[in-house]
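See below for the structure under consideration.
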Amino acid sequence: MASSPHQQLLHHHSTEVSCDSSGDSNSVRVKINPKQLSSNTHPKHCKYSISSSCSSSGDSGGLPRRVGGGGRLRRQKKLPQLFERASSRWWDPKFDSMNLEEACLERCFPQTQRRFRYALFYVGFACLLWSIYFAVHMKSKVIVMVVPALCFLVVCVGFFLFTFTKLYARHYAWTSLALTLLVFALTLAAQFQVWTPLSGRVDSSNHTLTATPADTCLSQVGSFSICIEVLLLLYTVMQLPLYLSLFLGVVYSVLFETFGYHFRNEDCYPSPGPGALHWELLSRALLHVCIHAIGIHLFVMSQVRSRSTFLKVGQSIMHGKDLEVEKALKERMIHSVMPRIIADDLMKQGDEESENSVKRHATSSPKNRKKKSSIQKAPIAFRPFKMQQIEEVSILFADIVGFTKMSANKSAHALVGLLNDLFGRFDRLCEQTKCEKISTLGDCYYCVAGCPEPRADHAYCCIEMGLGMIKAIEQFCQEKKEMVNMRVGVHTGTVLCGILGMRRFKFDVWSNDVNLANLMEQLGVAGKVHISEATAKYLDDRYEMEDGRVIERLGQSVVADQLKGLKTYLISGQRAKESHCSCAEALLSGFEVIDDSRESSGPRGQGTASPGSVSDLAQTVKTFDNLKTCPSCGITFAPKSEAGAEGGTVQNGCQDEPKTSTKASGGPNSKTQNGLLSPPAEEKLTNSQTSLCEILQEKGRWAGVSLDQSALLPLRFKNIREKTDAHFVDVIKEDSLMKDYFFKPPINQFSLNFLDQELERSYRTSYQEEVIKNSPVKTFASATFSSLLDVFLSTTVFLILSITCFLKYGATATPPPPAALAVFGADLLLEVLSLIVSIRMVFFLEDVMTCTKWLLEWIAGWLPRHCIGAILVSLPALAVYSHITSEFETNIHVTMFTGSAVLVAVVHYCNFCQLSSWMRSSLATIVGAGLLLLLHISLCQDSSIVMSPLDSAQNFSAQRNPCNSSVLQDGRRPASLIGKELILTFFLLLLLVWFLNREFEVSYRLHYHGDVEADLHRTKIQSMRDQADWLLRNIIPYHVAEQLKVSQTYSKNHDSGGVIFASIVNFSEFYEENYEGGKECYRVLNELIGDFDELLSKPDYNSIEKIKTIGATYMAASGLNTAQCQEGGHPQEHLRILFEFAKEMMRVVDDFNNNMLWFNFKLRVGFNHGPLTAGVIGTTKLLYDIWGDTVNIASRMDTTGVECRIQVSEESYRVLSKMGYDFDYRGTVNVKGKGQMKTYLYPKCTDNGVVPQHQLSISPDIRVQVDGSIGRSPTDEIANLVPSVQYSDKASLGSDDSTQAKEARLSSKRSWREPVKAEERFPFGKAIEKDSCEDIGVEEASELSKLNVSKSV
């Protein structure tokens, strides 16, 4: 473990350390990135590989080996491991974890059982056919040959019935071993009856056999085919360890040849002579080597693919679980800031952006590239905009009275803590009273009921919420020893709800009724709920209601000008004589809401309630006895101690979700932090109002599992890996996919094609895509490396068969035929060339030239690969057939060997499992049928009656008559006897080849499908994470989210932060509710705010954070990310960027107005910088905001500013003027709370007093304009939140490099901004003329100005 100074050194040099472990070996890769000393210095990244540095065993010495530097990194040319997590024991392919190995054997058991039953069917069927054959052709030895075969058939039936028992599932390996030994015994016993003389004699001079018609027995080719079948079954379906299979196979081959040779020579087989005997023994041994090589290859690749498929399917299941968690976390995250209905529509936008991101990063193959259409899609007129009008909605505004006095003697950090505590109580009340929290504006809190989902009791919900807030603040004062109160206003009407902008969005409501609800709060009385006459109509007489007495308190002018005669009421509580239960009183009296859905569905994450004990039932009865129901809201309450809240904690006045136990936790209250056994997500996903802080912390725990594993010490790595494996096994055991996956593969049972046509096309192009992408080879299961092994085996078998064929000529001292030499040379060239190409594809593809790489990519295609594969898989058979000439008629040994070699060539068609099994099996059938045809073809050119060389060797009653006779003494043809045996022999062997080819292609396709499923789930998870990150970035800044993962709150003081307020000052003139309640007006505002948000996407403005939009006011700040400011160079560089952003906003409005045709928006910007506090407020509907005197002054710079110009304070002027900006001195302006302040305007007027052309007209009147959408000025919402801070200008920027600022330009205009007709631009039902709109706008503006009042503190 590195010491602390070493850790500091690594951190100082930005060193990245990763631990890569595979199997029993581990390695550490260290990446050192020295800090840049200057902007012109670009140090090269160096990577070093330190072997065995984190291995629990092995030497750790050795010098580091540099594997990359300034040049291109080269792929390590080494043999990959068998499969992921493979043990180091190559002779026994298994996982390095017993948990994984046992789970794999258990999950693959249906496939193992199925294959074993197929083997029993095959063996039993072979016994039946051989019994029939022996009964017909060996009547004199029925007992010797037929009875054992029939007895073994009965044994196979017994084994088959045994496979249905549970005992077989526990001892299937021992069952396979028992069957193997029985098959060995039966086939070796048959060797005693091979070539037994019946009624004939052997002519030793020419090695021919003359016999009279009699019974026949198995020939040498027939017995060797049985040996091949036994060995193939041993390696492919018996499921014994490799070392045991190899040992048994070698012993069987030795005994088989020993018994066969012994009894052939002892009874009737003539000795071929010393030289020929050595050739025969060596040739037979080499043929057995070929069979064992093919069997080992099939065994290893079968194990590799089954275990790789198990891991892939298991990973797919794990990814599926992770996908559920990610989806739940994403839903919780977005539902914590907005309602579900709005969130669903917003997520579609995130899905589209994620899909576009995937497409940008995807690598398409040439076949998948589609020709671009010449028809271009029509440009989208507007950005995605979701806003709906809802009637009968109650709106509540609440303001903390006395908050300014309370905050006067508190620090900013303490103030954020108080707001979190108080708003946390309000959030809980809002949740339980079924209200929808909208946001907080400074010390103001507002929510709605009946929106976005309508409710008939919306008025009661808001009244209960208001009364609960008054009760809650009383408790707050008692606990905190403070003197504050609540002033609440409620109004009922129609609202527009939705989201404005593309970044830092939040759910909000707009309408004149919202402004009126805000006015009700401002005209209310502390400690009471001030409601309008519209709200009172929805209430009954359960509340103590009195007249609002607005005239007596505020005067006649307020009622006449602002309320316009609207009658109001004050509610102080419920009537004492009524027995109604108040939600607020119940919540604040130690009761908790019982979720009906949770009760009906049982424990979280379960569909039915789990059975409990008698004590649990008694506790449930006791709980129901203490239930309370609020008649106004229909909400049921229970005491917190009885509502399942045990184990929860109270933070910020809000109780956490109860934690339930799971099997993996090991106890009712056990928890695993940052571990693999994190609580299931289903336990925490029922509450849509969960704190976003908890979501981020939970997301960090899930995401931190893999990070923690790579950084663990070597001594703990094994323990952590065991826990990971145990968790992996537990997850897949609960899923039925694994069992169905192997037992019911998603493929067509006849053609073996995938049922999904798109998946089939993808499968056929997968090999080519792997070559195109030059994917690294990690395991034997890789498609390119698997092909390399197939080509290597094909070359090996071809060379061995060719050598055995050429050995005969050395023994007989005869030259080989020219045709055989030519075929051998051509075949060898093809094999070597294929081997070189395969090695090139696997290890050296990045080094080939472009033309060669194109050729390799073409070869990797589906059709070329099958054509080349068909040739390669047939080369051994072609080599054997090239040696069949007329000479083989005269020698029994050569003829028998040739037939045996053809059998090996047929078995070789089990190679190349990536190719179609139909193609390989068909070619094997053709090769076998070719040998049978030789029985009817004479190689003698002078004879009209032909004779096969095998006929002369294998017919016991044939007498050699060279070139002119092939008829037996009794007149029968040779093929009439020996042909039937060979037909049966090749039929059984081809049947086994067809079966194995089918099984291994299915296995290969399942392995590919497992990869696809795992990648698909991994892509979905990544998409979910991208969406969550996208949401997170649009809710709170990224650096703030990282902090919230480890703490419940966030607040930070900044010494020099820049703040701007930009208001569309004449939006109230543009806004009118005559059509769709003003929805289309807000669509236009959404477009303009979206243009502002797009500016933030530019790299030049990445240091600017959008804070929020307040109606038609846009608020942004800079210098809030300390780490980013330190990397930027000068500490005040962010102020220049923020000022350039403000200038660019002016230009955006100018461009926007050029396309408006009939209305010009006017932007007014206020700029200031200085110390401020940034923090996150609330437990639900989190809001990232900034406070401080700097923010207050920036807001006043906006409200007291000039249209189409930027107003800055004197301190900001000093800094910006040194950066090269010219200002006009405005004079002194009366700023609320600050008195007279000197301000400056940008841009500077020209000599003739005219503002530059790109600016709009300047209004000489300085008017304080409040927000037209909610009736609150940006200054009012944040004024006096913190004690005044003495402002002083600090270090200024005096560099000469920035004497002339460069203005950013918009790169392109939006396509929808082309001049169009007014009726096309705004679909208000008819064309809107400028004059009529101006008339309507003036009337509406005058009405709005009467409703808007400044908030008094």
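The backbone N, Cα and C atoms fix where each Cβ goes, and this holds for glycine too.
The region 'Disordered' annotation in Swiss-Prot covers 1-27 (among others).
Under the heading topological domain 'Cytoplasmic', Swiss-Prot lists 1-117 (among others).
What Swiss-Prot lists as region 'Disordered' is 51-73 (among others).
Annotated transmembrane segment per Swiss-Prot: 118-138 (among others), in sequence order.
Per Swiss-Prot, transmembrane segment is recorded for 142-162 (among others), and the stated evidence type is sequence analysis.
Break the topological domain 'Cytoplasmic' (163-171) down by DSSP state and the numbers are 5 helix, 0 strand, 4 coil. The topological domain 'Cytoplasmic' annotation in Swiss-Prot covers 163-171 (among others) and rests on sequence analysis.
Positions annotated as transmembrane segment by Swiss-Prot, on the basis of sequence analysis: 172-192 (among others). Beyond the ends of the transmembrane segment (172-192), by six or more residues, the same chain brings 109, 112-113, 116, 119-120, 123, 145, 148-149, 152, 155, 159, 162-163, 218, 223, 226-227, 230, 233-234, 238-240, 244, 248, 252, 255-256, 259-260, 263 to within a C-beta distance below 8 angstroms of the stretch.
Taken from Swiss-Prot, the feature transmembrane segment applies to 216-235 (among others), supported by sequence analysis.
The topological domain 'Cytoplasmic' feature in Swiss-Prot is assigned to 236-241 (among others). Assigned with DSSP, the residues of the topological domain 'Cytoplasmic' (236-241) fall into helix, strand and coil as follows: 1 helix, 0 strand, 5 coil.
Taken from Swiss-Prot, the feature transmembrane segment applies to 242-259 (among others), supported by sequence analysis. Tertiary neighbourhood of the transmembrane segment (242-259): same-chain residues 91-93, 177, 180, 184, 187-188, 191-192, 227, 230-231, 234-235, 281, 284-285, 288, 291-292, 295-296, 299-300, 303, selected by CB-CB distance under 8 Å and a gap of 6+ residues from either end.
Marked as transmembrane segment by Swiss-Prot: 281-301 (among others).
Residues or ranges marked as topological domain 'Cytoplasmic' by Swiss-Prot on the basis of sequence analysis: 302-786 (among others).
The region 'Disordered' annotation in Swiss-Prot covers 349-375 (among others).
Residues annotated as compositional bias 'Basic residues' in Swiss-Prot: 359-374.
As annotated by Swiss-Prot, Mg(2+) 1 binding site applies to Asp399, Asp443, with the evidence given as sequence analysis. According to DSSP, Asp399 (Mg(2+) 1 binding site) is assigned to a strand segment.
Under the heading Mg(2+) 2 binding site, Swiss-Prot lists Asp399, Ile400, Asp443. Over all protein chains present, the Cβ of Asp443 (Mg(2+) 1 binding site) has 25 other Cβ atoms lying within 10 Å. In the three-state DSSP reading, Asp443 (Mg(2+) 1 binding site) counts as coil.
Cβ-based neighbour count (10 Å, all protein chains) for Ile400 (Mg(2+) 2 binding site) stands at 24. Sequence-distant contacts of the transmembrane segment (868-888) (same chain, six or more residues past either end, CB-CB distance under 8 Å): 791, 794, 797-798, 801-802, 805, 808, 814, 816-817, 819-820, 823-824, 827, 830-831, 834, 859, 894-895, 898, 901-902, 904-906, 908-909, 911-912, 914-915, 919-920, 923, 927, 930, 934, 939-940, 949. A contact links the transmembrane segment (118-138) to the transmembrane segment (976-996), because at least 3 Cβ pairs that are 6 or more residues apart lie under 8 A. Outside the topological domain 'Cytoplasmic' (840-867), and at least 6 residues removed from its termini, the chain residues within Cβ reach (under 8 Å) are 74-75, 77, 764-765, 767-768, 770-772, 774, 777, 782, 784-785, 787-788, 914-916, 919.
Per-residue pLDDT, averaged along the topological domain 'Cytoplasmic' (840-867), amounts to 81 for this model. The list of residues near the topological domain 'Cytoplasmic' (913-920) in space but at least 6 beyond its ends in sequence, with Cβ under 8 angstroms from a Cβ of it, reads 301, 751-752, 767, 783, 786-787, 790, 865-866, 869-870, 873, 994, 997-998, 1000-1001, 1003-1004.
Of the candidate ranges 819-839, 892-912, 976-996, 892-912 has the most C-beta pairs within less than 8 angstroms of the transmembrane segment (281-301). Within its own chain, the transmembrane segment (819-839) is flanked in space by residues 784, 787-788, 791-792, 794-795, 798-799, 802, 805-806, 856, 859, 868, 871-872, 875, 878-879, 882-883, which lie at least six positions past its ends and keep a Cβ under 8 Å from the stretch. In this structure, the C-alpha atom of Asp443 (Mg(2+) 1 binding site) lies 6 angstrom from that of Ile400 (Mg(2+) 2 binding site). Highlighted in sequence order, Ala398, Val401, Phe403, Gly442, Cys444, Tyr445, Val484, Met486, Arg487 have their Cβ within 8 Å of the centre of the Cβ atoms of Asp399, Ile400, Asp443, the residues recorded for Mg(2+) 2, and are not part of that set. Each residue of the topological domain 'Cytoplasmic' (913-920) gets a DSSP state, and the totals for helix, strand and coil are 4 helix, 0 strand, 4 coil.
When Cβ atoms from all protein chains are considered, those within 10 Å of Asp399 (Mg(2+) 1 binding site) total 25, not counting its own.
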